[in-house]
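Beneath this line is the structure, given in structure tokens, with notes to follow.
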2 protein chains.
Amino acid sequence: MTVYNFSAGPGVLPATVLDQIQTEMKSFNGSQMSILEISHRSKQYEEMELEAEKDFRDLMNIDDSYAVLFLHGGGTLQFTNIALNLTDKYHHVAYVDSGHWAQKAMEAAQKIDGLQVDRIGSSDNNLPKISAPDDDPLDYLHITTNNTIEGTTYHQIPNSTQPLVADMSSNIMAQPYDVNQFDLIYAGAQKNIGPAGMAVVIVKRDRLTSHPELSEIMDYWLEDQKHSALNTPPVFCIYAAGLVFKWLKKFGGVPAIYQQNLEQAKLLYDYVDNSKLFNNSVAKDERSLTNLVFGTGNKQLDQQFIADAADKGLVNLAGHRLVGGMRASLYNAMPTAGVKALINQMKQFEMNHGGF
Amino acid sequence: MTVYNFSAGPGVLPATVLDQIQTEMKSFNGSQMSILEISHRSKQYEEMELEAEKDFRDLMNIDDSYAVLFLHGGGTLQFTNIALNLTDKYHHVAYVDSGHWAQKAMEAAQKIDGLQVDRIGSSDNNLPKISAPDDDPLDYLHITTNNTIEGTTYHQIPNSTQPLVADMSSNIMAQPYDVNQFDLIYAGAQKNIGPAGMAVVIVKRDRLTSHPELSEIMDYWLEDQKHSALNTPPVFCIYAAGLVFKWLKKFGGVPAIYQQNLEQAKLLYDYVDNSKLFNNSVAKDERSLTNLVFGTGNKQLDQQFIADAADKGLVNLAGHRLVGGMRASLYNAMPTAGVKALINQMKQFEMNHGGF
């Protein structure tokens, strides 16, 4: 049975990447040592890390005025780190409240002594506007480009007079964004980048200054000086991410995968919009390409759909426990065959459960 | 050519563990999903994590009065976390200065506002005694059981009237220690536990209290409540560590590997002590079983030895840049054949370079 994994993360990875990891697990680059055994002070590691960084810069069009950091701690530690590293000037930031993870990011900032944290908008209805008053300078205005739980996305980022910081955890490299619009972008790896256990930070170098009061690995300036290897880095995650970057470059880069993501999302949203059983209540211009939420409006029916689908190899379709329903996460590595199989399953279920 | 990897970490892993990782890379536990794609909220993950924790508790004889945490951030973030989580009562700690990493741990604590940090002893000569004045209660007395760079170890831990915290990064599970002597033990994974990208923390539960002022993933109490899955955990590291634990249990546990480690270290130290070319200046009762340092006293000759050995597949023998010379890290996964091959190479080199 073919298994399609719709998990919101850790999620599906490209099959050819898994092939390569498997093939070279016992000898990385001819070394007769596993990538898991390679010293982070070795030439093999340094070359691997540099290449991963270069490929990532190519994919996202990142120039040298930005640092690219591969860090420990997932997105959650970065919630804290951005608020500690970027707030020296005004001690004032604002967070656009577009959903659960935006709130988590804001709550982490609220813990910082002496930092004023404003909340912009509310996630109760449509996505709040990305804007903050011009006359009150902020260290940054924080946004979450894609809301993993709610299934919403800011497809266009307006120019802001305030410096933008973006959590792109769940749609980095899924659609094109102009890095130059942001002072900082961060993302947990475990969705479109690679295995869990790493976060990627892209940050304007002119925003970085030494923070000797912080734990060394929380100081972005120092991590940039040390090329993300201040302490032993998450070597395997960087390696696997590097393979994903190479796979995506070969695929045609972000513009090409964006086309595929648009097509896949259209297939599923079109089906849902025409369904008599399933529905999606997100405004059309805010719908996520990576996390597609839908439901029948009936808890028991949702549970049954999720169980039936799992029996057919369509797994991890349960919505987040906070919102219920279903969620299909169509990250870059999801093949279109998986989306079609899901839609077939939905059609079958709709036939059997009286959507008409 | 057989390659033996003497890296101080990330270092050698058991061959059978690498075999298993390779074999099941594309289907974890029959799921037809890679371990890299498994959701940390899935049953598969939870079972895997529980089993890894259980095996680790068995190996180290850890009862339920201690939490076992698998955390992000390596040992370096724990330098900070221990000082933030365990100092509520006296705001006073002491660090035994037994070497470079002990100093790094101490420096992280010195950054904490309002925390008095005493330095005990000095790493300039023999290992300082593990003791602090009785009359002045400490939140903890910090020690480093094995000094990776200096090649020294506290083989016996004296009973202390002060609560002990130990960095065991480079000799955890290499020799038996009684967990009950410590309030907290921590270790970066990348030596005797598994791949880089994780730290393990063993901590007395009655020392933990909620720390809502901290970044959530730095709050040990909260991580214990959330079973180390407060945010997406380093899934692959936990999985690989679990395989290492199973391998070690099958080997006979810590007592059995300790015997092998003693034998391997004796082979190498005996050779060095009888050599006219190589020497080791560490006091015999302080010598490390995991990081064996030696040298010729001649920088150029050391370099040549390291290069010649690498040509023969004996790699990563350079000493730490701070001390120079050579270092053979004999972690649990190093086969005795590797130690014998190293000694043969040393004999050959001694013959060719006039040790007599």
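Quick reminder: no glycine exception, Cβ is built from N, Cα and C everywhere.
All annotation found in TrEMBL is predicted automatically rather than curated by experts.
TrEMBL lists B:3-342 with the feature domain 'Aminotransferase class V'. Residues or ranges marked as L-glutamate binding site by TrEMBL: B:Arg41. Per TrEMBL, the feature pyridoxal 5'-phosphate binding site maps to B:Gly75, B:Thr76, B:Trp101, B:Thr148, B:Asp167, B:Gln190, B:Asn231, B:Thr232. Under the heading N6-(pyridoxal phosphate)lysine, TrEMBL lists B:Lys191.
Shown on the structure are the features that TrEMBL records.
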residue	record	DSSP (3 states)
B:Arg41	L-glutamate binding site	coil
B:Gly75	pyridoxal 5'-phosphate binding site	helix
B:Trp101	pyridoxal 5'-phosphate binding site	helix
B:Thr148	pyridoxal 5'-phosphate binding site	coil
B:Asp167	pyridoxal 5'-phosphate binding site	strand
B:Gln190	pyridoxal 5'-phosphate binding site	coil
B:Asn231	pyridoxal 5'-phosphate binding site	coil
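The CA atom of B:Asn231 (pyridoxal 5'-phosphate binding site) is located 10 Å away from the CA atom of B:Arg41 (L-glutamate binding site). In this structure, B:Arg41 is the one among the recorded positions B:Arg41, B:Lys191 with the smallest number of other Cβ atoms inside 10 Å of its Cβ. Mean pLDDT for the domain 'Aminotransferase class V' (B:3-342) in this predicted model: 97.
Sequence-distant contacts of B:Thr76 (pyridoxal 5'-phosphate binding site), defined by Cβ-Cβ distance under 8 angstroms and a gap of at least six in the same chain, are B:Lys104, B:Ala108, B:Gly188. Taking CA atoms as the reference points, the residue listed as 'L-glutamate binding site' and B:Trp101 (pyridoxal 5'-phosphate binding site) are 35 Å apart.
Applying an 8 A CB threshold to same-chain residues 6+ apart, the list for B:Trp101 (pyridoxal 5'-phosphate binding site) reads B:Gly75, B:Thr144, B:Asn147, B:Thr148, B:Ile149, B:Asp167, B:Ser169. Long-range Cβ contacts of B:Gln190 (pyridoxal 5'-phosphate binding site) within its own chain (separation 6+, distance under 8 Å): B:Gly9, B:Pro10, B:Gly11, B:Gly74, B:Ala196, B:Gly197. In sequence order, B:His40 are the residues near B:Thr232 (pyridoxal 5'-phosphate binding site), counting only same-chain partners six or more apart with C-beta under 8 A. Most other Cβ atoms within 10 A: among the binding-site residues B:Thr148, B:Asn231, that distinction falls to B:Thr148. Proximity to chain A, defined as a C-beta distance under 8 Å, is registered for the following binding-site residues out of B:Gly75, B:Trp101, B:Thr232: B:Gly75, B:Thr232. In this structure, B:Gly75 is the one among the binding-site residues B:Gly75, B:Asp167 with the smallest number of other Cβ atoms inside 10 Å of its Cβ. Across the residues annotated as binding pyridoxal 5'-phosphate (B:Gly75, B:Thr76, B:Trp101, B:Thr148, B:Asp167, B:Gln190, B:Asn231, B:Thr232), the widest Cα-Cα separation comes to 31 Å.
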